[in-house]
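First up is the structure itself, then whatever we jot down about it.
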Amino acid sequence: MQEVLHKRENGKIPKTIIVAQTGGPSAVINCTLAGIVSRCQENQVKVLGLVNAFEGLLAGNIVDLSGLDAETIQRLYSTPGAFLGSSRLQLTASILKKIPYLIKKLGGEGLLLIGGNGTMFAAHIISEAAKMENTALQVLGVPKTIDNDIVGLERTPGFGSAAKYVAQAVRDIGIDLEAMKTFEQVRIIEVMGRSVGWLAAAAGLAKNHPAASPHLIYLPEQPFDENEFISEIKRAYEKYGFVVAVVGEGVKYQDGTPVGASPFAELDNGSRIYGGAANYLADLVNNRLDVRARAQDLTMAQRCFKLSRSPVDEKEAYTIGQLAVNAFLDGCDDSMVCYGMSEDTYSLLPLSDVGGKEKSVPTAYYDKHTKQVTPAFLEWLRLAVGDWDYSYLTLRDIGYERPR
Ligand SMILES: Nc1ncnc2c1ncn2[C@@H]1O[C@H](COP(=O)(O)OP(=O)(O)O)[C@@H](O)[C@H]1O
Ligand SMILES: O=P(O)(O)OC[C@H]1O[C@](O)(COP(=O)(O)O)[C@@H](O)[C@@H]1O
Ligand SMILES: [Mg+2]
């Protein structure tokens, strides 16, 4: 990775950049947009937003963000979800051919795409398309995703807040279930993250006692075995009288078949809608064990819940937006912007090295025998999530061991 010190020269200052938000939103994606807008203002750069990303570009739906006042930028910073509207429109050859021309028509010399690993792939093919069309266009990827699956980054803006939501939800659902264990004994909680288990693993932060939720965590990185799963649920139930199991939405069997995927999950464009594992597994538990089990989906709230925003994540999301503008002003192109060694420096990774690739949870962060995350993972995770409140009271804390 090449380390770049931000030194702006008094030469030519580019006049206009185009910004878009693509892929799934996050609770802090607008902090990045706020960072871009404010750094553009500091440098007298005009900044135009594409409404619903490339769909907006094709339809001519463009919004000028250059004149937002400080209070409005602060409100933007505070707002979850993608302010500009997002898109998952697949970029076909004919769309790709049009993009450089349409951006040029808007006067854009730079294109900043705030997105995940799919977006980085898109950014690279747009950069190549611009070169094919002989259009001078600097394309930069600005990382965001709740999945934390972008290679080359310590952590991705969006992940820390989603991780905090997941950990809080799993802890509170566990407390709810423990209270209700005479009625219902097992909850299977499905967590987003596509085919990697960073977010599912984040549930491990909720556990402050061996008896506390989550009792078992299943990551997509490990082949899923139904018989093993049933015996692990049974064992935990016999020990604690209730079981919270967390599954990453991308869990799959040894042969690669997804666990419980709906037949509608494959889209025409080849991408996949995840979901269904928890429902399937709760049915499996109900059929194979003498307990009552329920599936729980943490819903879209995990990628947009304002109250769970991590302050570290907010700040990093804002900073990466500012750094992206610095990189643009420095003439960088066809790269993803990453943090540097200090607040004012950035580093770059070629888009072709990160686009469409996936970063898995390393084996050192997960114990496949206990189905728990390791202390090393929790140490890493705490930096992304920030302060964590363990002040809940249980009967255990006042010296009473609840009967199983
Ligand atoms: N293989 C691809 N071919 C063409 N366009 C792609 C491809 N992968 C991603 N894109 C573009 O990038 C956008 C965002 O990618 P997606 O995977 O949905 O989210 P993320 O960037 O958050 O990973 C897609 O809507 C599409 O416009
Ligand atoms: O239903 P959709 O549109 O596929 O959105 C859900 C997906 O989006 C995400 O929340 C975020 O994914 P991206 O960052 O790759 O866009 C995934 O965790 C999840 O699988
Ligand atoms: Mg992605």
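Backbone N, Cα and C define each Cβ position, glycine as well.
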| One of GLU71, GLU232, GLU238, GLU249 listed by TrEMBL as binding substrate at the site of THR145, ILE146, ASP147, MET192, GLY193, ARG194 | GLU249
| remark: Expressed in Å to no decimal places, the gap between the Cα atoms of GLY193 (substrate binding site) and GLY24 (diphosphate binding site) is 11
| remark: Checking the binding-site residues ASN117, MET192, GLU249 against GLY24 (diphosphate binding site) with a 10 Å Cα-Cα cut-off, in sequence order, leaves none
| Using Cα coordinates, what distance in whole Å links LYS144 (site 'Important for catalytic activity') and GLU249 (substrate binding site)? | 19
| query | If one measures from the C-alpha of THR145 (substrate binding site) to the C-alpha of ASN117 (Mg(2+) binding site), what distance in angstrom results, rounded to a whole number? | reply | 8
| request: Using the structure shown, find which entry in ILE146, MET192 (the binding-site residues) has the sparsest Cβ neighbourhood within 10 Å. | output: MET192
